[in-house]
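For B:His93, B:His128, the entry in TrEMBL reads Fe cation binding site. Annotation comment: TrEMBL describes B:Cys99, B:Cys102, B:Cys136, B:Cys139 as Zn(2+) binding site.
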2 protein chains.
Amino acid sequence: MDTTIEQAVGILRRNQLKITKQRQALIDYLVTYKDHYVAISEVDEHMRTLFPGMSHNTIYRNVKEFETLGLLELKAQANQTLVKYQCDFKHQHHHHFICSNCGKVQELDACPLDAFEAQLPGCTITGHRIEFYGLCADCTAKLGASKSLSK
Amino acid sequence: MDTTIEQAVGILRRNQLKITKQRQALIDYLVTYKDHYVAISEVDEHMRTLFPGMSHNTIYRNVKEFETLGLLELKAQANQTLVKYQCDFKHQHHHHFICSNCGKVQELDACPLDAFEAQLPGCTITGHRIEFYGLCADCTAKLGASKSLSK
DNA sequence: CAGCTAAATCATAATCATTACTATTTAGTT
DNA sequence: AACTAAATAGTAATGATTATGATTTAGCTG
Ligand SMILES: [Mn+2]
Ligand SMILES: [Mn+2]
Ligand SMILES: [Zn+2]
Ligand SMILES: [Zn+2]
């Protein structure tokens with residue numbers, strides 16, 4: 001039974017990508033944020049403290065490459081791309097609840113795709129994104145349910 | 001019975017915003033794209049052909065202001081913000097199907113919020129986003145259902 | 001209609017995330 | 001140990017968005 005990191009390295013290997021110390025460190029770092037989105041600029045900043053002078057290009061390129069391998073999930077935000085380690089490499093279909101306060105991501109199951117398909121006769125549905133936002137149980141307990149937060 | 005544009009102008013008026021020719025033109029332009037997302041850079045470009053030398057600042061500021069008024073919907077994309085005229089000013093809750101080929105947006109009803117709420121005990125759900133992507137009926141007919149498109 | 005004033009716009013430049021490019025280094029192989 | 005394609009470094013460009021201070025104008029008042 002491989003660790004999460006060994007799984008990731010295995011994926012790189014299977015795709016004939018070289019295992020560089022920069023990529024190792026990138027994976028290590030992202031795994032520690034496994035269930036949170038991180039701004040890519042923070043990733044950039046972190047990598048450049050580990051490897052002073054590391055090229056922005058390298059960081060951004062690897063993040064994108066890792067996404068196409070299914071290692072990471074990217075999420076466009078205003079003026080920022082967010083990065084999250086992929087919850088499951090088997091790509092089991094699921095959706096997310098994201099805490100607006102602590103950033104924690106929880107997985108949800110059940111997918112209402114079928115219900116919506118019926119409303120789109122003649123269309124070809126190639127994908128969908130379903131996300132819920134709010135306060136996780138911990139943050140609800142701490143902050144109360146009365147906070148007004150971004151949708 | 002007001003036209004769509006008169007409704008929009010009424011909203012500006014009710015919020016004590018001045019009706020400038022720039023804002024008029026911005027509304028006019030966006031109404032013609034009523035059911036499509038447009039890249040804000042295209043909006044910028046268009047406005048600056050109508051008003052040569054118009055300040056980027058003015059365009060971006062107004063777009064954002066219009067969003068807070070519920071006139072527009074914004075959508076973060078990698079390196080670009082997309083803009084769409086709000087389908088309905090009454091803010092009836094609904095979700096979207098977006099054609100990856102022609103960009104047309106169709107509204108969907110039914111909302112699976114309840115089903116997911118049950119999976120989040122103790123959490124406070126403040127919002128959600130549900131979007132489907134693919135080919136609309138027209139594009140499916142034209143292009144066939146065999147295209148592989150971005151999720 | 002002329003005058004007033006806060007709001008809006010202009011004009012210009014700065015910021016900041018992301019990307020481009022080319023020289024150099026290195027992982028993985030033989 | 002040598003080889004080579006792939007990866008990285010180093011440097012600068014690009015392009016969307018925002019900042020700032022001067023100028024103009026919409027809407028109001030008399
Ligand atoms: Mn997940
Ligand atoms: Mn709509
Ligand atoms: Zn689904
Ligand atoms: Zn809903």
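Even glycines carry a Cβ here, placed using N, Cα and C.
Residues B:Ser100, B:Asn101, B:Gly103, B:Lys104, B:Leu135, B:Ala137, B:Asp138, B:Thr140 surround the recorded Zn(2+) site, their Cβ atoms falling within 8 Å of the Cβ centroid of B:Cys99, B:Cys102, B:Cys136, B:Cys139, which are themselves excluded. Proximity to chain A, taken as a Cβ less than 8 Å from one of its Cβ atoms, holds for B:His128 among the binding-site residues B:His93, B:Cys102, B:His128.
Per Cα geometry, B:Cys99 is the residue among the binding-site residues B:Cys99, B:Cys102, B:Cys136, B:Cys139 nearest to B:His128 (Fe cation binding site). Annotation for the binding-site residues B:Cys99, B:Cys102, B:Cys136, B:Cys139: lowest Cβ count within 10 Å of the residue's own Cβ, B:Cys102.
Residues within less than 8 Å, Cβ to Cβ, of B:His93 (Fe cation binding site) and separated from it by at least 6 positions along the same chain comprise B:Cys111.
The Cβ of B:His128 (Fe cation binding site) has 21 other Cβ atoms within 10 Å, all protein chains considered.
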